[in-house]
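Visitor: Shown below is the structure under consideration.
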Amino acid sequence: MTDFWDELRATTQARIGLGRAGDGMPTSRVLEFRLAHAVARDAVHDPLDVDALVGELVRSGVCAGIEDDAGTGAVRAPVIEGEPGRARLGAPVVVTSRAANRAEYLRRPDRGRLPRDLAGLPATGADVGFVLADGLSARALQTHGPALLKALVEALPATFTLAPPVIATQARVGLGDHIGAALGVKTVLVLIGERPGLSVADSLGVYLTHHPEPGRPDSDRNCVSNIHSPGGLPYEAAARVIGGLIAGARQLGRSGVALKDTSREAAIAASTPDVALP
Amino acid sequence: MSVYTQTSRGTTYRFDGLVELMAKATPARSGDELAGCAAGSDAERVAAQLALADVPLSQFLEEPLVPYETDEVTRLILDTHDAVAFEPVRSLTVGAFRDWLLELAPRPEAGSVMGALAPGLTPEMVAAVSKLMRNQDLIAVAKATRVTTAFRSTVGLPGRLATRLQPNHPTDDLRGIAAATLDGLLLGCGDAVIGVNPAGDSPQTCADLLHLLDGIRSEYEIPTQTCVLTHVTTTIGLIEAGVPVDLVFQSVAGTQAANEGFGVSLSMLKEGYEAGLSLGRGTVGKNVMYMETGQGSALSADAHRGVGDRPVDQQTLEARAYAVCREYKPLLVNTVVGFIGPEYLYDGKQIIRAGLEDHFCGKLLGLPMGVDVCYTNHAEADQDDMDTLLTLLGVAGCSFVIAVPGADDVMLGYQSTSFHDALYTRQALGMRPAPEFEAWLRKMQMMDDDGRVLPVEASSSALRALTGVSR
């Protein structure tokens, strides 16, 4: 019996074949679950290490380094065209929402959707902008954000202009509408930590909004979720689907329910968000 | 707008219209605090309940909480209201209606009386009386309702608790989904539906999943139905393409604006309903819709405002979503009660209360209510809270609950109830699965004469081959 389920466990992280103690679960399974829940709860409350994330983005070669603008701390980065040998993206800019801390973020999602101050963002008019948001799992962004961003940049046509990435803390998906509008981008991608589950506490989702502007309903977005490794959607596969969705949105002139993923990437797909976004 | 006042221990409270009165009479929850419509104090909350108890039920037909002119859900509610069915309670106040329900509940005719009354009730009336009720009232009255629906199995019969087998997978891997399906079937689950939330809604992915599930169902002649929970427009396309669709799924909410947030309208739902009905795939019934709701969905889409642009409380809006559901005679309505997060239902206490309210309101409106007894990792809740709510819902006669492997949904990232939890509830309360499914379990030698699901070795089960999908 153990062998039978072991083979199937290679196909899913779901808790299958747990055995029984009467109608309940065996003690070991109950305690495993309790531990996983404790770890996930801790993940919700871990803050994003912004300096470490910036360092990783620069080290990976996807972003230019941050330059201090005349010692004011404000950061300006030009739109950088794709050129061999250069970082494809400008230096990251850091913003935060109006949620002052984690406790407020959890109970007031409305404040997580509003920016505190976007004065540091350049108006780029670029084709695509990227928001790196902590969402409900900063660990997800910390772990998978740089590699996914790199894969996304590589999956987009070299002719596209790309805005510098914006790191957003205490951020909800809707904050991307404000950031996208301030950057003046045609399409904004919000890479955001998803709500931690028991098996996976570091899963990233990407929300695509064409012509971002404050007030966009969620039905105007498309999302690709469960991006993590191992066991989730790989970075390159996610990037290909998103690349296809961007092309579709540009052709259609909009994103959301009307835009379907027809890229047929194995069993991978995009969806319109359902009840709750991070 | 009408003004309601209540003087209590020397303090006079004023409530502008039913919209404010209903919100302030609602038991405390974070979503109403987020919306800015909750009572400012416990005393104000009870004062609102005192005032609400004296409001005639008929007032809800005169004073909509969401404007008739701008909201198609309000138009649906008022235009389809059955005045004849309403007659037995037409002269009652909200408080007297509570007493009337509690008097009726223990009587043998309660189920048929409440069934006949349902078309005469609006969601707002039902929400109002729920706000005056204690948890035991919500349980006692819901238990007395009789709502049965059917497709290939019958859901909602007394003494029965059905389950949705929910074998979700983060990348829609067909083998992984088949493995979780096998696990659930071996533990006696899946009689309400075997239903997958796809990680994405590409039509081809949904088609692959439907072919997988329908293949399993037909190969083993399982008397149940399958569903891929994708947008109604995607399902309509799949039906046109000849993919085996049993149930048409859609999430819905209680305002037109919130439904627009989901990308749906009443006409679109009607189209989906008719497309599902046209297939004629049900064997014991013709209920073809599977609909999901949850308190807070309108607020999360900033689509929760009513008359005078004032916030409507989330429990009233949830009840309004049931009016949308009942128009399409669903097989299953599932309130996903703790899924949306602590900003709407903060802790175990609020989740338990909301689960009982939703079940009560849906049943009183004539719907086959199931509850996804669940929570997320950012809420103040745990398995003990879920055990409590699940047990209470079993007592209340809940039509079905959700069952996922080990209570852990690895695709949606939340905790629901497990296959084991369903076994526990049926055993503790002496309940059985849907009759057609029970007969199948017996035929497969997976259940004994006492209704106990036997501990079958997967490796020796006839079902084991269902995991051998080729892709």
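The backbone N, Cα and C atoms fix where each Cβ goes, glycine too.
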Visitor: Please state which member of A:Cys63, A:Cys223 TrEMBL lists alongside A:Val173, A:Glu194 for binding adenosylcob(III)alamin.
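Guide: When TrEMBL describes the adenosylcob(III)alamin site, the candidate it includes is A:Cys223.
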Visitor: Just how many other Cβ atoms lie inside 10 Å of the Cβ on A:Glu194 (adenosylcob(III)alamin binding site)?
Guide: 24
Visitor: Going by DSSP, is A:Cys223 (adenosylcob(III)alamin binding site) part of a helix, a strand, or coil?
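Guide: Its secondary structure by DSSP: strand.
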